[in-house]
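Asks: Handing you this structure, nothing more for now.
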Amino acid sequence: MRGKEGTILKRTGSGGRTRCNVCGLFECGFCLKCSYLCNSICGKWHKRHLVVKDTFVAYLNPQDGTVRSVILMDNGFGISFGMYSTGSRNGIQIANLSRHIVIECWTRRKAKEWMEFIQEVGNKEGKDFIQTNPHNSFAPYRSSVPATWFVDGADYMAAVADALENAREEIFIADWWLSPEIHMKRPILNGDYWRLDKILQRKAFEGVKVFILIYKEIEVALGINSYYSKQRLVEQCPDNIKVLRHPDHARAGVFLWAHHEKIVVIDQSLAFLGGIDLCYGRWDNSEHRLTDLESIHQSSIYIPSKDKLVNTSSKKVLDRDTQRHVFLPLAIATNTIAMATTRSIPLLPMVDDEAQKALVLSTLPRDNSLFMLQEKEDRVKCNTPELERKNLFGVARTTVDKVKDTVRVKRQELINMMYSSHEANDDGNVTDNGQVSTLPESEDTVDFACSLKPTTKLWLGKDYTNFIVKDFNDLAKPYQDLVDRTTTPRMPWHDIGILVQNAAARDVARHFIQRWNAAKLEKAKQNLCYPYLLPKSYQDCKSYDPFIKEANKHNVKCQVLRSVSSWSAGFLDPETVERSIQEAYIDAISKAERYIYIENQFFITLASMDKTGVKNRIGETLLKRILRAHKEGAVFRVFVVMPLLPGFEGEVGGPSGTALRAITHWNYASISRGKDAILNRLTEAGIEDPSEYITFHGLRTHSMLNGTLVTELIYVHSKLMIVDDNTVICGSANINDRSMVATRDSEIAVIIHDQEFEDGRMNSIPFPCGKFASSLRKQLFREHLGLMNIRDDINIDDAIIKSFYKDVWCARSKRNTEIYEEVFQCVPTDKIVNFAMLKQYQDEEPISLSNPLLAQEMVEGIKGYLVDLPLNFLCNEDLKPAAGTVEGIMPTALWT
């Protein structure tokens, strides 16, 4: 790799963020002589060692060798020379979208040599990033990239664990939420060997450098406790594990938006991305289990005889005492929670004798139990999953809760003051004497030094989750259950992840490096414990993936996409944005020939040219493509799979459900209600049956829990679009403005085009199908339709033919929906159009309780997880936040 190094002088304050500017005169180029006087004569210059590589420029402090700045080549990269640009005769200005520097050489000839070399590198090796790329992305398309897909968190996390284990030099991780104690491989057969923090500790002790970026939440709004995550990780090996949290909300003026990427990069050669954070609740597989009682003695669990074990939707069978204490929020609406009152449950160890022998308890909990429920707190959700922000105003807090929050906030303010001199308002891990600042030892730390039995639980402690019943709190006690798993089913999690290698992995790493360096410059500029990161050369990309299943790996053409802006990526100009994810979606939809398959957590996108409300153009583009197919008389299908209800706390019809209803309003406003809903626009255009072209679905499952038949929605968290069995877009971006307009949440994704094809059919006509896209689509169809491990005559190769689309996909979804509603009286449902009907519906006893034997026989007819999204649910109610509520005065952008 070509390069150039040498000693130069660098002018202080030339970075473009702060500089001398008396009365704004120098911004106007007031006078060259004055500029020369202030810059060259009076300016402060330091000797630095300049390094030019294939895609970046950096300078080092020659005294200690530390990198003091990195300028990545991007489409704002440029170099200028001379008095007018720099105020110095021998000066050179080097600039990109994030930083400007002015350097000076000892002679004018030397300065010209530097300028010409940098220009030459930029025109050759750096051209990929300086030029305008497709979709206006920071990165170009890469060909012959090995790529692998993962459906659900189990396979994804196992592959990430293997990749981490094979890391040799660097590990980059960026997450919205990261749980240090998450087990990456299950069942847990090797103690804590595959626990995330232990993997990172092991690699750090081997000399691998670990860099982690975590979204810094507003504590009163979210309980993900990124401070705890940071300290737990850093204390494993402070020399080689570095964690930065971003943003500092008050300083940056960013209160509503989040860093939403989910990235793991190994040695800048392997890059994992998608919708899966390395945190609680994400590990799952195609079985989507509702229960996890493997190592719990039933005899050790006391169920009070007075308060029967019931489904909380059946209010009629609850006695008065139970009605006072059982939490009936959104859980009522989904008809999924069967539980006893907790005040009658003793605090007893919940692990069987054999499993207990395999545990080494380094510090026992104060109540000597891995499971603890509190009478009141057990029934109150404390925050919300993912982007689904907490409904701060829907549920009144108890006095104790308020005191706890106040103490925590005050403690955090004190910590920030203590460490501000070291990490510029980050919660640093270095004290004044250079020692590591750590949290007190967890009250229930469990050291899995011995192997657990194969029958051990898959979801330990906080990892057994149901966001509807109770969200996360008290994360310093990772092995303490949030809910009673003997009475409360977990909420399954459906998600997609992608692995790319070689040059594409370098591009993902480059995004991480840009974000890390921007956070370092903003928060820890003078803290040498947090180094600037450098991208590796693109000329020596090599893949090493012995742990990747060959069956799922294919060579593809792909491009890394982003949604970033000034606050999230460190651009100097607040107007600079990159919204290449949205542009790729629009391009792929417009070019679709046969079908579009979408899985997403949201569908907030109006089919309208008017962008005064919702601004993203995905719904508008879908509308145009369907209308074109209708005009041409072509067979064209759009499949949309999304959550049946948003993941917000509160009762659908109660005062605590304002945020939930707000998101529901915008989803339905985009789908079936209002003048700009896509189904209404299609009907207005003369399409009598829009379901010929587009259908909306959710996922649901059922199980037996302690002899009671229960059901729960499967939370669809994917951010995926597949087009024509040859194109895939997958990443962290939801279909809403938060993810798509770029000035809000930061996101990352990849668009993949197949390069390996096989014979296929679309509507019985021969059609070349890409191996990557079609294999992913077929895997999802098999899972959703219940075809994973059974022999069936159903052919899923042709996705759009009527015999599949109508007779299998739509018919099975409809039949599953009918059975669930008849057996469980599930909500949401088309049978409920207003709040009065909702209350009456919930008071009725479902067959699952009144006639369990009949119910068990009926659910045998359910095939797979696919169900219809009820388009008429609460259609006669205005679900927007009322003007008098706090949510009502919040900006619409918060919800969209």
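All residue numbers here begin at 1 and follow the chain in the order shown.
Placement of Cβ uses the backbone N, Cα and C atoms for every residue, glycine included.
For reference, TrEMBL lists these features for the protein:
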- 255-282: domain 'PLD phosphodiesterase' (DOMAIN)
- 712-739: domain 'PLD phosphodiesterase' (DOMAIN)
Asks: Looking only at the domain 'PLD phosphodiesterase' (712-739), what is the mean pLDDT?
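Replies: It averages 98.
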Asks: Report the DSSP secondary-structure composition of the domain 'PLD phosphodiesterase' (255-282) as helix, strand and coil residue counts.
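Replies: Breakdown, helix to coil: 0 helix, 10 strand, 18 coil.
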Asks: Give the residue counts of the domain 'PLD phosphodiesterase' (712-739) per reduced DSSP state, in the order helix, strand, coil.
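Replies: Helix, strand and coil residues of the domain 'PLD phosphodiesterase' (712-739) number 3 helix, 15 strand, 10 coil.
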Asks: Using a Cβ cut-off under 8 Å, which residues of the same chain at least 6 positions beyond either end of the domain 'PLD phosphodiesterase' (255-282) come close to it?
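Replies: Result: 150, 153, 156-157, 159-160, 163-164, 166-179, 182, 184, 196, 213-215, 217-218, 224, 246-247, 249, 385-387, 462-463, 465, 467, 472, 491, 493, 495-502, 504-509, 511-512, 515, 535-536, 541-545, 567-568, 601, 717-720, 730-733, 738-739, 744-750, 891, 893-894.
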